[in-house]
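Structure first, then comments.
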Amino acid sequence: MMEEDLYDEFGNYIGPENEEDEEELFPQAPSPTIAQVPSFEEVIPDEELEDVERAEEMALSHLEPQNAVVLHEDKQYYPSAEEVYGSNVDIMVQEQDTQPLSQPIIEPIRHKRIAIETTNVPDTVYKKEFLFGLLTGTDDVRSFIVAGHLHHGKSALLDLLVYYTHPDTKPPKRRSLRYTDTHYLERERVMSIKSTPLTLAVSDMKGKTFAFQCIDTPGHVDFVDEVAAPMAISDGVVLVVDVIEGVMINTTRIIKHAILHDMPIVLVLNKVDRLILELRLPPNDAYHKLRHVIDEVNDNICQISKDLKYRVSPELGNVCFASCDLGYCFTLSSFAKLYIDRHGGIDVDLFSKRLWGDIYFDSKTRKFAKQSLDGSGVRSFVHFILEPLYKLHTLTISDEAEKLKKHLSSFQIYLKPKDYLLDPKPLLQLICASFFGFPVGFVNAVTRHIPSPRENAARKASQSYIGPINSSIGKAILEMSREESAPLVMHVTKLYNTVDANNFYAFARVYSGQVKKGQKVKVLGENYSLEDEEDMVVAHIAEICVPCARYRLHVDGAVAGMLVLLGGVDNSISKTATIVSDNLKDDPYIFRPIAHMSESVFKVAVEPHNPSELPKLLDGLRKTNKSYPLSITKVEESGEHTIFGTGEMYMDCLLYDLRTLYSEIEIRVSDPVARFCETAVDTSSIKCFSDTPNKKNRITMVVEPLEKGISNDIENGKVNINWPQKRISEFFQKNYDWDLLASRSIWAFGPDDRGTNILRDDTLSTDVDKNVLNSVKEYIKQGFQWGTREGPLCDETIRNVNFRLMDVVLAPEQIYRGGGQIIPTARRVCYSSFLTASPRLMEPVYMVEVHAPADSLPIIYDLLTRRRGHVLQDIPRPGSPLYLVRALIPVIDSCGFETDLRVHTQGQAMCQMVFDHWQVVPGDPLDKSIKPKPLEPARGSDLARDFLIKTRRRKGLVEDVSTTRYFDQEMIDSLKEAGVVLSL
């Protein structure tokens, strides 16, 4: 056979089988003889023979199936799970993926960091144990906030303290440290957004060490809630003012809030170097500029209180002069000490008292005088402080190194030769640090004029705690008892999120007792009361920290007087809370909610881009509500979620956190609008009545507008509904000339205890059984507060209205006059009487403060006129080339005003807007003859109707107010008989 026939075209062998070739390929090994194979008995002992036989049987049983025919479905290609993992492992088999497509099978490792936080505790010039000992064992503690206007140097002042207490801390090149600005958005925008607590140990002029628990607060006027929250648990205010800009709009509000809460003020005049290097004022003019700013602060204080204890003045020791950018802060005493340390021979206090005011120094006679004899005398402040300061600055920025070296040697300042080669600013910072050193003058001012927590305990208790002071809890708070047996009472005013933004720390002040890690406590919410204990949760303290801005000191416990961060108690807290121990003998009471300086009048609606992510949005809204004290979230009847804030900047930061930190989803945001209120401008045209559903009770009411000023007094806390009836009566008789009967008939404020509506009982005892009426008093109050919370026009709050209860007809049986009958009826009669009293809409108005050069004033006037705004005053700023313009602008027309202002003035103008008051929108909102035109702005008297229709549409309500919803048929017939025409 030919060789090519043995293979096919693919090279496969197809020839006949050859047994010889197969034997050559696979030769058979010779079988061993019996002599060659040893017996089992020789190799294996008798005791192991049984094991070997058993192993052979198992091996044979494993090999037997290899020669059997196995079906395809019975073949085993891989070992079973039991063979791989063992028989002790539970194995589950899932044939369908239970994870959604949006969730990866293997989750990536996410490091969500929203803030700068030091993982390792940095080195300090003091031991941490020493700091904790000061906080817990002594009264050498001061708790205060650092407040002021935007970019006036609050964070820089605390940076100055951080530089000297944290030796390893160095600022970035060509930038300030901003140690308390930990949020990434704060560092990106170069402005503080959140208040940040910082705890330090510092020494005064005598070397005594104090523990400072200071809180850096934002300066932007939109974030005044971050000022009010820590102020509620602080003992004083350090007010920072730029000497060139002077007292600004936010400074004024902070002063007012501090004086109303009886808090001492320490004034820091910052950026003194700008008078020398920028304005280049002569020393005598610089003195007048400094004095003018101090007088401006005192004028604002006097408008609130005439008490001299709040006055600030350098000779009193509560005014500091600083340039935080150059690294110095001094008082008259600390500067006088620099002279005495070099020359000696005089008392510091006596010398410092002669360094301010119209006191002159005669260099020839070396004596002080109250007036200059020849007219050429120099004030002592100018001679001893400003002139050396001017020399120090001017010589440093000049290139005369030898002259500077000679001048510095007179101050006993010796620098290295390479230091003279530095740029002017670093060189000036180095020289000022060598000359002034640690700001002991600032420490002295704070420790002398801001009381310790123990000294201030009685004042804080009287202002914040609503419980009885003569109880065991009240006495413990007054004494600031630190005993372990004392009742634990803490006040939470702020929530700070963790670095990953998943949880929150509760920022609290311990008023009495001791708190320990793992302790079981009761968390009482803002709505807690002895009658309604629903807003109370039992929790365990998971973590206790001493806040230090970028790091936290974890401790096992804290005592009364300390400000601490608490972990594990935030789940039930929305804004503020009271924390008490779970085994109190007396009934616990809560601390008052925070009285803020502004209102949330700016509103947007949000929704998720992907509707399936609504749960994430709701969770994010809950977290933003915790993080921002003045934010309010609400769900309208249309289902949309609305957020209320103070302004554009506030809302921008809140929405940034909502998108990137708390929900991590894409959201859609509506155009911003303003919040409205409802009011009445006339008395009800007829007595309005409403019957209960069972037709056995009738309530009659009349509405009239409140006198001007009452609403402001209620909101500012000048009158409180919880006062005794006699005290409330005396207040209205004295301030508003109410008669005795009217002033003693006040039942409630609405919609809450600080609401600007009043419910009065004007029924006569001859017509109404007062005992029966008192049995339904609480029901009528609830209906009144419900009605004033959600008005009939567009479901907004009613404001400045006096509701007078004229007549009540009640069923004699208690079962027929229960809450289910009286509450909705009281609400209906509030609405019907309100709608017959010329109802109107009210809109919020911003106070605008613009700083700009004189040539920008015409542009500012034009921009304000386009937005229904008007100028109140424009005045020049003393000692600066700027003008100050104060104006009013409606909130709904303010969107984009700041951007337009900067564009049209090429960035020369700077403005701040803050809520000022409510004003009535022109026009009748119920006038059906007005038809809003699409795509055209409403003008004049059409505004009210336009706002009403668009607001009701947005909320999912019908366009017009329904008559049958609020008026009984009998009431409608009575209106027709009286000739009253309702435009409903």
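Quick reminder: no glycine exception, Cβ is built from N, Cα and C everywhere.
Feature annotation from Swiss-Prot assigns region 'Disordered' to 1-28. Taken from Swiss-Prot, the feature domain 'tr-type G' applies to 139-402, supported by sequence analysis. Under the heading region 'G1', Swiss-Prot lists 148-155, citing sequence analysis as support. Annotated GTP binding site per Swiss-Prot: 148-155, 216-220, 270-273, in sequence order, evidence recorded as similarity to another entry. If you look up Swiss-Prot, you'll see 270-273 marked as region 'G4'.
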Its Cβ having more other Cβ atoms within 10 Å than any other among the binding-site residues His151, Thr217, the winner is Thr217
Of the binding-site residues listed (Lys154, His220), the greatest number of other CB atoms within 10 A surrounds the CB of Lys154
Under a three-state DSSP reduction, the secondary structure at Thr217 (GTP binding site) is coil
On average, residues of the region 'G1' (148-155) score a pLDDT of 94
For Val272 (GTP binding site), the same-chain residues 6+ apart in sequence with C-beta under 8 angstroms from its C-beta are Val243, Leu290, Phe321, Ala322, Ser323, Leu389
Helix, strand and coil residue totals from DSSP for the region 'G1' (148-155) stand at 2 helix, 1 strand, 5 coil
Taking DSSP H, G, I as helix and E, B as strand, the region 'G4' (270-273) contains 1 helix, 1 strand, 2 coil
Filtered by Cβ under 8 Å and at least 6 apart in sequence, the residues in the chain of Gly148 (GTP binding site) near it are Lys154, Gly219, Leu239, Val240, Val241, Asn250, Thr251, Ile254
